[in-house]
Every structure is written in C-alpha cells, then in structure tokens.
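Written out below as structure tokens is the structure these notes cover.
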Amino acid sequence: MKQIEGGICAVRGVSAYGIKPGKMGIAVIRAEGPAAGVFTRNKVVAAPVTLSRERIETEHRLSAVIANSGNANAFTGDDGFLDAMEMASMVAENLGLDPDNVAVASTGVIGRRLDVSFIKEHLPEVLEGLGSSPECSRAAAKAIMTTDRALKESAVELDCGVRIGAIAKGSGMIEPNMGTMLCFAYTDAKVPADVLDAALKIAVDKTFNMVVVDGDTSTNDMVLFTSTCKSGVKPCLDCLDDFEEGLVCVFTDLAKKMAKDGEGATKLIEARVTGAKKYEDARLVAKTIVRSPLVKSAIFGKDPNWGRVVAAAGYSGAELEQERLTLSFSGGGEEVELVKAGEISTASDLSLLKKIMANDEIIINLDLAMGEESATAWGCDLTYDYVRINAEYTT
C-alpha cells in the first residue's frame, strides 16, 4: 500500500468540483455505485442527515453527493427537509440521475433556513467544473470548509491496484459517535454495499470516533463511502483485510488532520493507551485524556502536568490500577518517562521534557499493564482562540 496524490479524484470513476465565493460554498461529487453511510447519533438531526440516511438504507447506492457549507440546515423543520430534497433534485435533473440516489450534506450555523437561491445560482458553475483532476478534488474539499484552516484529503493505492480516496471537513464541534464533521470516501474496488458498510463501520470506529476537539457531537456528522467498481478488482477473502486497512489508513490521516486543525489549535495531541484488559477500556482512557480541558490547557501552555493525565485516566470509567501505570510524553523523536509502574520516575530529564513540550505534536503514552488491548485517540490543545472563534461564530 502506498500514499498517492489526487484525493477522491485519484479513484477511477469519480469527478468533483466546488466553489466558495463567500461564507457559503457548494461541492458536488459524481460517482455511481454501491454505497454505505455512517451518521450522527445526536438526537437533534439535520435535514440532510435524515434524507441521506433514508436513501442509503433504502437504495444502498449513490450516484452523486451535493454538500454546502455556511448553513447546517438543522432545526429547520419540514421546510429544511424540503430544501434538502430540492438540492438533490437540482443535481439529479442537471445530471440525468435518479434523485433517490443523490445524497445531501450541510455544515454551518444551526437554526437558520438554507438560502436555496444561492444553490440555484451557483450550481451550474459547479456542475460545469466537474472533473477528475487533483485540482477538482481540492476544489470540492475547499468548498465544504467552515472554520477549517487546512484542506483535508487523502488517498492510497493497495498492492492489488485498488484505490481509496476521501475528502473531509471538520475543526470544531467534533466528537463523532457513529466532530461538524463530514467525510466523503470513494473506492474503485468491485465490492457490494454490505462489504462497504462493514469496512466503513470498522474504520470509523478506529479513527473518526477517536477524535475529540471540543467534546460536542454535531447534528450534521456524516461519512459516506461509495464504490465505483471501476478497477474491476474484487478483493478476495484474503484481501479484505488489506481493503479495510487501506480505509483505516485514509481515515487515520484525515482524523489527525481534523484534530490538528481544531478551532484555534496550535498542537496535535495523540494519546496512545496500551496494556488494557479490554479494548473498550483502552478507548475510554484514550478519549478521556484528549477530551480533558485541563490536559488540553496544559499542552497549550507547554506545561508537562502529567497529574492531569493520570487523573483523567482514573475518572474515565475504565478498569485500571494506579500501581500499574507507566506514563511518558514524546515528541520530535524524543521521549521522557514520567511514571513507571505507579511510581514517579527518577530518570526524568526535565530539560528534554521542556524541549518535547515545545513540539507541535505531543504524544502521551500510557501503559495500563492490565492486558493486551490498545487504542489511540487524537485531540488538540485548548487555546484563547478557540473561545474567540466560538464566541463570535454567528456574529
């Protein structure tokens, strides 16, 4: 498996484009084939999520996706649902598709009616620009950005020639439970919808569900996975693990980019938890660490306050014993042990620790010494800018 350029347009049979002339943007992705989806577990659900979930569960295939940024079309009642349907119908009519095979996604401010006239005005330009170049993938990725500072796309080619690519957006309001978080993934493997669904759920659980920026689960979270089947390669039973691994690789890349691009963030935090008795325990501890405001604040201040890490692990609800804990911080290729088997380490190099804390990526390694299970979670520091961005979001 190798990383390749091109984002979603690296996948055979995918064309895309997007524009963002102001606060609102529009992206369209044209790719036909079996499809699967994972959606927010928030009980307040945006209209596009309701519509797209119904279509995935009924049709198990997609021909296109239309996404807008700048307005979430959430908490907008029946009118919002009709607006989402109209968006799908406009794409279907212009491209000669069945509207039931067009998914809709939105991201932005909650509780405001979507300006459908904006979609009508600019959709022709987007459809005219549809193409399969790397620039077209980037244009679509840029169009769905809100408070994101960096474009998020990733693609790999498996040894068998199958390609998997995805674009995503997300920087705030991220704690997916399948953070706002949208992802559109594509492959050219010749696989049915049930295989896509199984691979998607595994990959999302290991990656996007392990990202925490601010602990808020959005009304609009959505991950869609479509196969164009254009490679002609049907992964055999022996290759399905490679297929799932490829999707996990793409999603891990995007998950880390989301965490690093958290609103106002200056540092990526990666919590690696090992030695858990159960996988769920490892997940709980890792996510609790990166969710902790005290840990996030300490990382922002370059303060190696490891007590906050063990405290977070302790209240996570996971099974652990403090006498067994071993903790270290690492970054920039260096590592300092802080706790060993429940005792404060006497080998800590404070000058090296200070150097590690100055890195823009900090890894927290915690061994529970209870078993063999492990998990990794990603988050970011909590900064003054996070408060400013979210205090001024609608004003």
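Every residue, even glycine, has its Cβ placed from backbone N, Cα and C.
What Swiss-Prot records for T146, K169, T180, E263, N390, T395 is substrate binding site. For E263 (substrate binding site), other Cβ atoms within 10 Å of its Cβ number 24.
Marked as active site, nucleophile by Swiss-Prot: T180.
Among the binding-site residues T146, N390, the residue whose Cβ has the fewest other Cβ atoms within 10 Å is N390. Cβ contacts within 10 Å of K169 (substrate binding site), excluding its own Cβ and spanning all protein chains shown: 28.
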